[in-house]
Structure formats: structure tokens, C-alpha cells
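Asker: Encoded as C-alpha cells, here's the structure I'll be asking about.
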Amino acid sequence: METTLATQTKTIAIIGNPNVGKSSIFNQLTGLNQKIGNYPGVTVDKTVGFIRIGEKEFNLIDLPGTYSLYPKSEDEVIAHRVLNGLGQEKPDFALVILDACNLERSLLLGTQVMDLGIPMAFVVNMKDLAHKKGIHIKTFELYKSLGVPLVLTDARNNEGMDSIRQVMSEEKFESPKPLLVSADFANPELLNQVKQRFGFENSYQAFQLLVFGEFDKTLSIADKDWLNEKSNVFDFDSKKQQVRETEARYVKISEILKKAVSRDKVKSSNVTISLDNVFLSPVFGFVIFLGIMLLIFQAIFAWASFPMDLIDVGFAGLSGWIYENLPAGVLTDLLAEGIVPGIGGVVIFIPQIAMLFGFLAILEDTGYLSRVVFLMDRLMRPFGLHGKSVVPLISGMACAIPGIMAARNISNSKERLITILVTPWMSCSARLPVYIILIGLTVPDTLWMGVSLQAVGLLAMYLLGVLFTLLGALALKFILKTKEKSYLLTELPIYRLPRWKTVLLTMFNKSKIFVLEAGKVILSISIVLWVLASYGPSGKMEALENEKTAILENTPEAGWPTVEEIYASKKLETSFIGIMGKAIEPAIRPLGYDWKIGIALLTSFAAREVFVGTIATIYSIGGDVENELTIREKLVKEVHSDTGEKVFDKATGFSLMVFYAFAMQCMSTLAVVYRETKSWKWPILQTVVMTGIAYLAAFITYQIFS
Amino acid sequence: MTAANLTLQQSAFIDSIGDTDISINFLELGILPGKEIKLLKKAPFGGPMAFLIEENIIALRQQEAILINLKS
């Protein structure tokens with residue numbers, strides 16, 4: 001007999017310090033069953049994974065890495081809100097990841113979660129490393145004093161994952177006794193009133209809400225005012241009580257660890273310190289940093305070209321095949337000239353985007369990215385930036401959107417705002433296709449001292465972006481005012497080999513986001529463009545077609561291709577898009593652009609990479625598709641109809657690249673800036689200032705090179 | 001004497017943490033009174049300093065390092 005049991009999916013929140021292996025464990029448990037979303041009202045990514053163990057199903061919420069449950073950034077606010085079920089369903093259980101080599105510090109967060117009263121279990125990760133360091137953990141002793149089940153793991157080597165799955169499937173979570181008495185740090189009557197108003201079961205939840213009150217942007221004004229008023233009435237000093245609580249917690253934790261942990265007196269050789277002697281050395285450290293950057297650019301420009309060529313040829317072949325094998329008609333034209341080149345224009349950048357995010361993931365996973373903060377802080381500060389601005393700025397080289405979102409780690413609001421505002425000037429991967437095509441057209445493909453001259457050209461564009469990013473920051477430093485003090489207090493994690501699974505997952509996820517998000521925009525714009533370029537005001541297109549047929553009848557067959565080409569270009573001129581491009585031509589003529597480039601500029605305001613799709617569509621329409629010419633080869637042949645000179649000469653090519661380097665041409669970035677700053681003032685200012693500077697700089701460039 | 005006065009490879013014990021708005025940030029990273037602290041690295045031109053506290057390496061600017069009072 002079969003019975004159907006309604007399987008109820010339970011929710012488990014995973015929390016731990018940064019660099020404790022939390023993501024490793026999360027990835028090992030959920031694999032590719034991950035969804036990335038948003039928490040309401042804040043910008044922290046919500047990563048939820050799904051796991052099925054036997055009959056049971058669980059949703060795993062991956063909370064951001066934090067050192068404690070004190071309000072410092074939105075990361076902590078989210079951890080606090082999720083664990084207390086504020087604004088969302090409270091998770092059924094919590095899984096706290098502890099660092100076996102760093103139990104004292106990780107138990108600060110661990111015991112805070114304990115005090116919240118949620119049923120939980122501890123995962124003591126990196127047991128192998130602790131063993132090497134001569135640290136012995138008496139798990140039973142620890143269990144006795146904490147009252148929380150614990151599992152020893154080594155996530156990097158996939159050890160102990162079965163034990164975690166067992167804890168989950170058997171629901172071996174326990175609600176421990178609180179470590180501290182909340183009434184020692186706040187008036188019991190105050191705690192009671194908070195508990196009643198917010199429906200909390202436990203006093204530490206009330207204490208947490210008092211502490212987080214003024215930081216939690218999602219809290220209603222009425223609640224905030226009420227908390228403020230009560231704090232005043234009961235004379236509750238939040239900062240002071242946080243320090244007292246932490247000190248009391250450490251006292252208790254060290255009492256527990258004295259019994260539960262013993263250490264051998266082995267002097268282990270510290271690989272990290274030896275490596276830091278190299279990576280953080282005053283001169284050589286910077287040389288290595290520059291070398292790594294150069295390697296990344298070389299990889300993106302040179303190594304990615306092989307898969308890109310394959311994709312290029314593949315899609316051109318597909319267009320040709322469609323023409324040969326499908327019946328001629330509007331749909332076939334749309335497929336061969338609109339959709340296929342449109343998709344090809346998206347897919348072709350996957351190798352580069354995957355590579356860049358792969359490199360960034362490796363740098364982060366090995367622990368090197370924190371060293372970059374250490375090295376660069378002093379250089380960033382004169383520009384009103386923080387050492388931590390380097391990570392958003394470098395991420396901005398992949399895409400401004402994750403870069404701007406990464407600026408959340410900067411606690412000083414002025415430094416954060418400056419970072420957000422200037423990050424779009426870093427050369428993002430969407431500019432890369434534009435640069436690659438234009439550099440290919442204007443810079444000779446020769447070697448200079450063993451380095452490709454084209455690679456030097458690309459590096460120059462990136463450096464131009466960096467230079468203006470810094471200058472922009474410097475200007476903002478004097479414009480924006482703040483009273484907040486800037487500080488740097490960060491951990492340099494131990495060096496480790498990158499986890500290839502994490503790196504590959506990042507590469508996969510980022511490429512997926514690019515294809516799905518940017519791809520949607522690019523593909524739909526490609527189709528709209530094809531329509532706009534294929535149709536014109538009624539009657540005119542037909543008139544041209546009739547004219548062409550008449551001329552063809554009086555021309556020998558050898559002359560037909562020339563006639564076809566002339567009329568293709570005439571038709572494009574007559575089309576809706578030709579009309580739009582011509583309308584803006586007077587404004588962009590001083591920059592060296594004709595109306596075709598004007599069309600590309602117009603469509604690029606949706607997203608920069610659309611430039612390539614637009615250019616592909618504009619130049620392939622009406623042309624001889626069976627020739628399967630690639631975009632670049634087509635563009636080289638493009639000449640001004642009046643003068644016969646190349647359209648993409650040095651002056652125009654350089655001017656275009658400069659325009660793309662500076663102009664704000666990404667609607668998604670503007671949306672993210674709005675979300676991060678909670679004001680339309682900044683994105684609007686960004687658009688006006690950046691595009692104004694782009695116009696000016698492109699004008700100057702064109703005048704110099706023409 | 002504060003942690004900012006340490007010379008490279010010199011170590012000392014932490015006496016107290018200066019009372020400021022960021023005291024809590026020191027505590028949660030495990031920078032606690034009674035712990036041994038050793039200066040490992042200094043970034044050039046008066047940049048950040050890297051300290052070893054137990055087995056963790058923590059980077060601070062000089063302006064934060066002077067908040068760590070050392071036992072003489």
C-alpha cells in the first residue's frame with residue numbers, strides 16, 4: 001500500500017565568521033541547487049540552497065559572514081532579522097560554523113546565536129588544520145558545556161559532510177540554555193516591554209532589537225521612535241552595553257575552552273607569514289600585484305580569443321545555413337539577420353566574463369584579495385577612498401553592478417558613496433567587446449617587445465578608466481562632506497589553495513547572470529533594431545525595391561552584387577533607424593561619427609555591449625550573408641559614401657573608445673546605484689556628469705587624431 | 001606605549017583598548033586585553049600595519065593601532 005506523506009520543507013539558516021569555510025559547506029551540501037534573490041528593503045543577496053536527504057527536504061539560507069551579531073553593516077542586520085524571524089518566516093533551525101583553529105572568536109558569534117533560543121547545531125570546521133597546529137578539541141566536553149550538538153568537519157576535503165546531513169535528517173538540533181543573562185545588560189522591565197511589543201519569546205531577542213534599532217532601515221518609523229524613547233526612559237546605552245556583553249561573553253567562552261581544548265607546544269611553521277614576507281613586501285608586493293593584473297588582461301585579451309573565434313565562426317555559419325535551408329521570407333530574414341547574430345553577440349563574451357570572474361574568485365579564495373586592501377589602502381586614501389574600495393573597483397572591471405554592490409563592505413558612508421559613484425568608470429566587461437572590435441580596427445596586430453600592440457592598447461584603455469576613476473574620486477572628496485571617521489580593521493586570512501569547485505561555481509553563476517540578464521536586453525534590442533532597420537515610412541521601401549528590380553533587369557549579371565549593395569545601403573538610410581541616426585548626426589559629427597554609429601550610440605544607452613549587436617545588425621542587413629564575413633572584417637571595409645575614406649579610422653575609433661570609456665550607458669548600473677543610495681539624485685548626477693565628460697573627451701580625441 | 005610604537009617583529013601584551021566608537025570592532029576580531037600582539041608588516045609610506053594576534057593576522061591603520069594600549 002502506498003501512502004503519500006506531505007513532505008514539509010524545513011528551513012535552516014547557516015551562519016559563521018568570514019573565511020570559516022561556510023560557503024564551502026554550503027556549496028558541498030547544495031551543489032547547483034542554489035537560488036540568488038534579495039531581502040526586502042536591503043541590498044544583501046539572499047542565497048538559498050535546496051537539499052533533499054532521503055524523504056526530507058530542506059531549504060538552506062546562506063547568511064552573510066559576520067564576526068558578531070552587532071550592527072555594523074547590512075550583513076549583520078540581515079543575520080539578525082532572519083534569525084529572529086523579522087519580516088520573514090523564522091528558520092526552523094540554525095547551523096553555526098565554527099573555526100576549529102579559532103574557537104574563541106567564532107564562539108562569540110556562536111553563543112550569541114545560542115542566546116537567541118533557536119534550535120541549533122555547531123559545525124566545527126577545519127579540523128585537519130587544527131590537528132596540524134596541535135589543537136585538540138574534546139567534543140563531548142564542549143557539548144556538555146554548550147548544550148549544542150556539534151560535528152567536526154574539513155569542508156575543503158569534503159570530510160564530515162555526511163555527519164552534517166545526518167544531523168539535518170534526524171533533526172538533531174537543540175535549543176541550548178543561554179550563556180549570558182540579558183537582564184545583566186539592560187533593564188528587565190525594558191526587555192519585557194520590547195518582548196511584548198514585538199512578540200519575542202526570549203530576552204536576548206529583545207536586547208538585539210534594542211541594539212539594532214537605529215541601524216535597521218526596514219524597521220518602521222513608529223517602531224524606531226518607540227525603541228528610541230524606551231532606550232532614553234530606561235537609560236540604555238547601546239554601545240556601552242555591547243562592549244560589556246562582549247567582554248562577559250569572552251570570559252565565559254575562555255572558561256569553557258580551558259576545559260574543552262588543549263594545545264600541544266608545537267611551533268608550527270607558519271606558511272602564511274612566510275608568504276606575506278613576499279606578497280606584502282614594500283616593493284616586490286606591488287610588483288606582484290601589477291604582474292597579476294597584467295596576467296589577467298593578457299588572459300582576457302589573448303587566451304579568450306580562441307573560443308571566441310570558434311563562437312564567431314559558428315554563429316556566422318548558422319546564419320548562412322538558415323538562408324540556404326529555410327524558405328526565403330520575413331521570418332527567415334528575422335532569424336538569420338536579427339536573432340542569430342543577436343544571440344551570437346551575447347554568447348561570444350562568455351569566455352572573457354567567465355575568465356575574469358574566475359580570476360577574481362581565485363584571488364579571493366586564496367586570501368590574496370585582502371592583501372590587496374593592505375597594500376592599496378595608503379594609495380587610495382588621498383583620493384577619498386578606502387583600501388576596501390579596491391575590491392569594488394577591481395570587480396568593476398568585470399561589471400560595475402557587483403562592484404557597486406561590493407561597496408557595502410565599506411562602513412564609512414562617504415567613502416562608500418564615492419566608491420559607488422566612480423566605479424562605473426572602471427572598464428567593465430561590457431566595454432570590452434567595444435574595445436576589442438575598435439582596437440582590432442585601429443591598432444596594428446604586431447608585436448612590440450614580445451607583447452601584442454593590441455594588448456597594450458587594451459591596457460591603455462583600462463588605465464584611462466582607472467585614472468579617471470581616481471580623479472573623479474578626488475573631486476568628490478572635496479565636494480562631499482561627512483563627520484564620520486574612516487577606519488581600517490580587517491583580517492588577513494591564511495593563504496590557501498583555491499577551491500576549484502567554488503571558482504567554477506562563480507564562473508558558471510556569473511556567466512549565467514550575464515546571459516540571462518544582459519542577454520535579454522541585447523536580444524530584444526537586436527530584434528527591435530532589425531525591425532527598425534528593415535522597415536521605413538510606408539511606400540518608400542517599396543519604391544526602392546521596384547527601382548532596384550528595374551535596374552537589375554538592365555544590368556548584366558556580373559554587376560548585380562554591386563547594385564544589391566548600393567540598394568541595401570539606400571534601404572538602410574530610408575528605414576526608421578536611418579532616420580533616427582540622421583537626426584542626431586549633427587550633434588555627433590564633431591566627434592567623428594556618422595549616422596550609423598549614431599544608431600549604435602542610441603541603442604547603447606540601454607547597455608554598452610549592445611554596440612556590438614547593433615553594429616552587427618546594421619552592417620549585415622542587406623549585405624551578402626553567405627559570405628559569412630565576421631563583424632570586424634565587415635567594418636574594415638566600411639567607407640564614407642561621400643569621401644570614400646574608411647569610417648573606422650584612427651580618429652573615429654579612438655574617439656569612440658574614449659566615449660565608451662566615460663559615458664554612463666548602462667541602465668542596470670543606474671538602477672543599482674539607486675538601490676544602493678536610496679535616492680535618484682546620485683544616478684541622475686552620474687548620467688549627466690559622466691556623459692558630459694564623455695562628449696567633451698571624445699571631441700578632444702577626435703580633433704587630436706584627425 | 002601603543003601598538004603603533006612596536007617595531008617589526010617586536011611583540012607585547014595588550015593592556016586595554018581605547019574607549020571609542022569602534023572598540024567593539026576590536027573585540028569581535030579577538031583583539032582582547034591580555035593577548036600577545038606582534039607587528040609583522042608595515043605598508044610603505046605610513047600605510048596599514050599587519051599584526052599577529054594568536055594565530056590571526058589583522059590589518060590596522062596607524063590611527064587604529066594607537067588605540068591598542070600595551071603593557072610595559
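Here the Cβ of each residue, glycine as well, is placed from N, Cα and C on the backbone.
Copying in the features that TrEMBL gives for the protein in this structure:
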type: BINDING; residues: A:16-23, A:41-45, A:62-65, A:125-128; note: GTP binding site
type: BINDING; residues: A:ASN27, A:THR30, A:GLY31; note: Mg(2+) binding site
type: DOMAIN; residues: A:9-174; note: domain 'FeoB-type G'
type: TRANSMEM; residues: A:279-304; note: transmembrane segment
type: TRANSMEM; residues: A:339-363; note: transmembrane segment
type: TRANSMEM; residues: A:417-439; note: transmembrane segment
type: TRANSMEM; residues: A:459-480; note: transmembrane segment
type: TRANSMEM; residues: A:513-533; note: transmembrane segment
type: TRANSMEM; residues: A:654-673; note: transmembrane segment
type: TRANSMEM; residues: A:685-705; note: transmembrane segment
Asker: Expressed to the nearest Å, what is the distance separating A:MET126 (GTP binding site) and A:THR30 (Mg(2+) binding site) at their Cα atoms?
Answerer: 19
Asker: Quick one: give me the count of other CB atoms within 10 A of the CB of A:PRO64 (GTP binding site).
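Answerer: A 10 Å sphere around the Cβ of A:PRO64 (GTP binding site) contains 22 other Cβ atoms.
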Asker: May I ask for the residues of the chain that lie six or more residues beyond the transmembrane segment (A:339-363) and have a Cβ under 8 Å from a Cβ within it?
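Answerer: Distal contacts: 292, 296, 299-300, 303-304, 307-308, 311-312, 314-316, 318-319, 322, 369, 372, 394-395, 397-399, 429, 432-433, 498, 502-504, 506-508, 510-511, 514-515, 518-519, 522-523, 525-527, 530, 609, 612-613, 616-617, 620.
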Asker: Would you pick out, from the binding-site residues A:GLY16, A:ASN19, A:ASN27, A:THR30, A:GLY31, the residue whose Cβ has the largest number of other Cβ atoms within 10 Å?
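Answerer: Checking each of A:GLY16, A:ASN19, A:ASN27, A:THR30, A:GLY31, the winner is A:GLY16.
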Asker: If we check Cα distances from A:PRO64 (GTP binding site), which of the binding-site residues A:ASN27, A:THR30, A:GLY31 wins as closest?
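Answerer: Nearest candidate: A:ASN27.
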Asker: Suppose we draw a 10 Å sphere around the Cβ of A:LYS22 (GTP binding site). How many other Cβ atoms does it contain, all chains included?
Answerer: 24
Asker: Looking only at C-alpha atoms, tell me how far A:GLY16 (GTP binding site) is from A:ASN27 (Mg(2+) binding site), rounded to the nearest Å.
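Answerer: That separation, Cα to Cα, works out to 14 Å.
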Asker: Cα distance, A:GLY31 (Mg(2+) binding site) to A:LYS22 (GTP binding site), nearest Å?
Answerer: 13
Asker: Among A:ASP45, A:MET126, the binding-site residues in question, whose Cβ has the most other Cβ atoms within 10 Å in this structure?
Answerer: A:MET126
Asker: Cβ within 8 angstroms of the Cβ centroid of A:ASN27, A:THR30, A:GLY31: which residues besides those meet this for the Mg(2+) site?
Answerer: A:PHE26, A:GLN28, A:LEU29, A:LEU32, A:ASN33, A:GLN34, A:GLY49, A:LEU505
Asker: In the three-state scheme derived from DSSP, which category covers A:GLY16 (GTP binding site)?
Answerer: strand
Asker: What mean pLDDT score does the domain 'FeoB-type G' (A:9-174) have in the model?
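Answerer: Overall, the domain 'FeoB-type G' (A:9-174) comes to a mean pLDDT of 88.
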Asker: Reduced to three states, what secondary structure does DSSP give A:PRO64 (GTP binding site)?
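Answerer: It is coil.
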